[in-house]
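Structure, as structure tokens:
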Amino acid sequence: MASGSNVEEYELDVEALVVILRDRNIPRNPLHGEVIGLRLTEGWWGQIERFQMVRLILQDDDNEPLQRPRYEVIQRAVNPHTMFMISGPLAELQLAFQDLDLPEGPLRFGPLANGHYVQGDPYSSSYRPVTMAETAQMTRDELEDVLNTQSEIEIQMINLLELYEVETRALRRQLAERSSTGQGGISPGAPRSRPPVSSFSGLPSLPSIPGIHPRAPSPPRATSTPGNIPWSLGDDSPPSSSFPGPSQPRVSFHPGNPFVEEEGHRPRSQSRERRREILPAPVPSAPPMIQYIPVPPPPPIGTVIPIQHIRSVTGEPPRNPREIPIWLGRNAPAIDGVFPVTTPDLRCRIINAILGGNIGLSLTPGDCLTWDSAVATLFIRTHGTFPMHQLGNVIKGIVDQEGVATAYTLGMMLSGQNYQLVSGIIRGYLPGQAVVTALQQRLDQEIDNQTRAETFIQHLNAVYEILGLNARGQSIRASVTPQPRPSRGRGRGQNTSRPSQGPANSGRGRQRPASGQSNRGSSTQNQNQDNLNQGGYNLRPRTYQPQRYGGGRGRRWNDNTNNQESRPSDQGSQTPRPNQAGSGVRGNQSQTPRPAAGRGGRGNHNRNQRSSGAGDSRAVNTVTQSATSSTDESSSAVTAASGGDQRD
């Protein structure tokens, strides 16, 4: 028999087991999960009793009969007084229990496996130590355990033998004392003669009773003296001495009696002789009984629920009972992750422990077959029974409170895993057509509805992540304040406008924009800010939106006027210069090297340029302004020199 693991399973022949039971007049069939003790009367080890314990396995986990029944070996001591036993040779029992063999270590001794020898017990009386054949099949550790158990049993047997020897010696001593009464000398139990009549002279006499006459006189009995054998030694009923006159009272004779003259002349009392003959022989004291205490099976270890660990993950339940079902449904996966729940009983204990015994919310194992049934039961108890056609209103309330994902989970729990119904209701509460389309495209790639129901939450979270939405289906841009960034380039992507150094009306076509144009620009800017505060998808903004769609000012308009009005302090620090002759001519503009930000050039100006007002863009424009002013001074000096040469 293999001994590598604690539980060993082998094939079982049920028909052969039924035949063995019938041969022993046991009119019943074996049961699934029944524990049987086997008493092996003989085997390859010899004609010595050995014991084994097995458990029958006739059904699977679904209570369906097995095609090939099995039995497993239980590593526990057999207790024949409390267990169902089957006795027989090893060869006969192996017909039903295939590969049956002896257990490991001292378990083969059965009720003596714990080392307690019980006096008078038939199983203890049949104890025999291990044989050489058994020793050859044992390992070193197993042999040490067996020898330790054998030594304990044999020490108890030696103690009992010594006790029997002491009792035997006591009985022999009593017999020797009894036999010594037939020899010379007064033994402690030998009879003694009555005292002479003179010893009763001073005692009061009893009154005579009419109708009762004294006993007939008889010759006095000789007293026994040392060295002489009394003539009435063999007489069991010796005659008593007669006394004249009325009957004398019976006197108790003992060493402290003052009426007894001498110890050697004590009279023999007939009543004492008769009482001594009635006394039974001394019964030897019973040896101390060593009561056999059967080894109880180890109690089943109850599952310890780490309730504090679970509460540290889920938190405390809400105080409002109507919020408990949603809270439990949301935390059910977390509870399974911390402590896997396998049985309804365990699930019921966990839920009742978490809820803390709220009135009316204690569940039974029948209500906790699954997490869905538990949540549905709590929801009905806290919200009342609702018809199935009102499930949409229930899910809508959950969507408003917890979001689409939680509403889908609880909807599946309340509807009994009806995916078609719940998905149809949830579809109407998805945040936007883009989410509906992307989610449906992902769900269509699944095999069946069961797979879709299991992966619905995963696909929903993936779509939310792609579209820039949080777990509640809301835009993540609503909580982020846009921060403008300075741009170093001078192309179309430049978002910050630099201050102009020249006068506002220098050059052709550089008139101040109309009031309607500025109002339209400000309204467009306010509209863009409103769009940032509203919910929506975090899509790429349209940077090059045309002006007719509200994208900004035309390419001919400059922001110099707005910059001068918004920052009068910057313009006041600079000294205005007079207009140069011919500064509005395009030819002179192309000949004079000037920066694009200082003069509103046609080629380098951003058509969608917005008015600056942020703090960080102001810092950048301060540096640019100094560089632009120095460049404009040099260019104006060159223009003046060229004009003087022409006049000369």
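Cβ atoms here come from the backbone N, Cα and C positions, even for glycine.
For the ranges 37-60, 373-396, 397-420, the feature annotated in Swiss-Prot as region 'Involved in viral assembly and export' maps to 37-60. When the ranges 469-490, 535-556 are checked against Swiss-Prot, the one recorded as motif 'Nuclear localization signal' is 535-556. With a cut-off of 8 Å between Cβ atoms, the residues of this chain six or more beyond the region 'Involved in viral assembly and export' (37-60) that come close are 9, 12, 14, 30-31, 66, 69-74, 76-80, 83-91, 93, 97, 100-103, 107-111, 123, 126, 128, 130-131, 133-134.
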